[in-house]
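The following features are taken from TrEMBL:
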- 138, 142, 277: FAD binding site (BINDING)
- 316-330: domain 'Glucose-methanol-choline oxidoreductase N-terminal' (DOMAIN)
Ligand SMILES: Cc1cc2nc3c(=O)[nH]c(=O)nc-3n(C[C@H](O)[C@H](O)[C@H](O)COP(=O)(O)OP(=O)(O)OC[C@H]3O[C@@H](n4cnc5c(N)ncnc54)[C@H](O)[C@@H]3O)c2cc1C
């Protein structure tokens with residue numbers, strides 16, 4: 001079969017869903033899903049994809065390291081200036097076609113995941129203290145398998161950034177930057193133009209489908225005294241909501257699809273895949289340190305490519321500090337431990353990394369637990385971009401609320417829901433139970449309580465000087481005692497929510513009791529002590545790792561980059577990923593990363609073209 005119906009003849013190399021659904025499940029039905037979706041032009045987009053270069057040129061104006069959420073955004077914006085020659089380097093391969101279907105099981109633990117884990121800790125005890133941190137190793141980065149929820153944070157979040165000295169990063173100054181990327185299709189119906197805009201590359205809207213239960217939980221929230229809102233990024237940013245997400249034509253809209261693919265034919269924009277950056281080379285020009293070249297490995301060959309203007313470092317909150325340390329930029333003690341000579345002293349590199357952490361309680365509801373991915377829903381999706389495959393099920397529902405430990409305008413809890421999301425289907429038959437050995441099992445819905453403002457922080461260092469060794473990740477979860485209290489408040493809110501008449505009468509909802517290792521033998525069920533034990537046992541790290549090389553004043557030893565995102569002391573390296581986040585915002589963070597990358601390129605245009613950055 002060729003792709004001529006889509007307007008091109010060439011296919012591309014991208015992993016199949018066999019990398020995530022293994023064994024008999026893949027062979028029987030999921031292979032059909034994977035095969036079919038490869039030839040659906042507007043979903044798999046075979047002809048719109050970039051054709052990677054196989055050999056770099058000797059010099060570029062800009063080299064962007066990492067094609068994830070932040071890197072793709074920055075690279076796409078730089079490519080808009082046709083006089084600039086830009087190289088985008090990505091360690092992974094192209095996006096799998098099947099990951100375009102919002103409901104398809106994520107590609108964690110596959111060849112497009114860096115598969116990071118933390119060092120042993122006093123959290124994640126059900127897994128011997130080791131927490132799992134999935135990170136995308138693919139064109140599009142983590143945006144290729146994330147939940148797509150579009151959340152910007154609250155004004156109070158950015159007040160904290162300003163309080164740390166970053167006066168350019170107030171909510172008011174960021175709002176136009178958020179709007180710059182956006183193409184919101186629901187202005188006037190669900191959201192207002194005061195907060196949203198059209199015309200940007202990043203399509204934001206609700207999914208085409210949501211389970212009835214999601215709407216019933218909004219009613220339940222109302223019945224139990226919680227606010228409900230249409231727009232968590234608008235005036236009423238506290239409450240329960242069906243979130244807007246980055247999706248287009250019923251398919252995932254990764255950041256590479258949004259920002260990089262439109263430039264696939266630009267002669268001055270080069271993309272190289274399977275290209276792992278090992279080092280940034282630093283020189284000195286007129287007494288100022290400068291990045292002069294980038295070293296990377298492609299196809300077992302080491303390339304050193306010169307850069308005349310800037311290196312944009314966007315390898316994510318873990319790999320960005322890793323690359324800086326490999327380049328000799330960091331704390332001398334940290335570098336000495338692995339025998340790397342210090343080139344530039346910047347003690348904050350890798351220090352202070354934060355992540356949202358949650359704990360999931362489970363409720364049972366009465367409908368049977370069928371696999372939603374089947375031949376009927378596949379047909380529905382292919383014909384109308386609708387139905388259960390066009391969304392993430394209950395995961396598109398969320399709540400942002402305040403515990404008693406904060407003020408009403410600075411909410412510190414997010415609730416996430418799971419259920420009606422898809423597992424790998426073993427047969428494709430409609431009404432196949434998820435577990436064939438338990439055909440009458442009913443549905444479980446997870447409700448995760450997230451502490452949005454963790455006080456604990458960890459660090460990233462090197463395990464060795466070998467760039468292909470995984471960095472050492474210390475998460476330090478719950479090292480501050482306040483962090484668990486907020487999660488327990490979220491559990492109490494969940495218990496309040498499920499008292500709603502609609503959930504009892506329509507779904508016969510019941511709260512599930514588990515023992516969580518030996519917590520049930522040590523503590524009385526449902527006491528705060530019990531939950532503290534359970535949270536440490538079944539810790540769920542969210543995937544919002546950030547602040548490992550953050551924005552701050554040059555005088556702030558805990559910061560790496562200035563307000564224009566330039567590395568302290570080496571201004572032609574800018575960071576445009578989650579590392580630069582000053583303090584975790586209240587919600588998922590991808591929208592914030594996109595705004596950081598947009599902002600970096602505005603500053604670049606200001607510096608080199610004299611355009612005013614707003
Ligand atoms: C399961 C999951 C669900 C999530 N859900 C949501 C959600 O619903 N909403 C939301 O807002 N956020 C969500 N997130 C978080 C969000 O996806 C991430 O915060 C965001 O994508 C990180 O962007 P980044 O640019 O910092 O890094 P990444 O997107 O991870 O990009 C880094 C890129 O750099 C590349 N790279 C790394 N090292 C090198 C090297 N040495 N050489 C070359 N390339 C390299 C990587 O391969 C990767 O492509 C989720 C994350 C996960 C894992």
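Including glycine, each Cβ sits where the backbone N, Cα and C put it.
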Q | Chain residues in Cβ proximity to the domain 'Glucose-methanol-choline oxidoreductase N-terminal' (316-330) (below 8 Å; excluding those fewer than six residues from its ends, i.e. six or more beyond) | A | 65-66, 68, 70, 114, 116, 133, 135, 141-142, 277-282, 338, 340-347, 349-350, 353, 460-462, 465, 467, 471, 473, 545-549, 560, 567, 570, 575, 577-579
Q) 138, 277: which of these binding-site residues has the sparsest Cβ neighbourhood within 10 Å? A) 277
Q.
Looking only at the domain 'Glucose-methanol-choline oxidoreductase N-terminal' (316-330), how are its residues distributed among DSSP helix, strand and coil?
A. 11 helix, 2 strand, 2 coil
Q: Report, as a single number, how many Cβ atoms besides its own are within 10 Å of the Cβ of residue 142 (FAD binding site).
A: 27
Q: Just report the maximum Cα pair distance in Å for the recorded FAD binders 138, 142, 277, no decimals.
A: 18
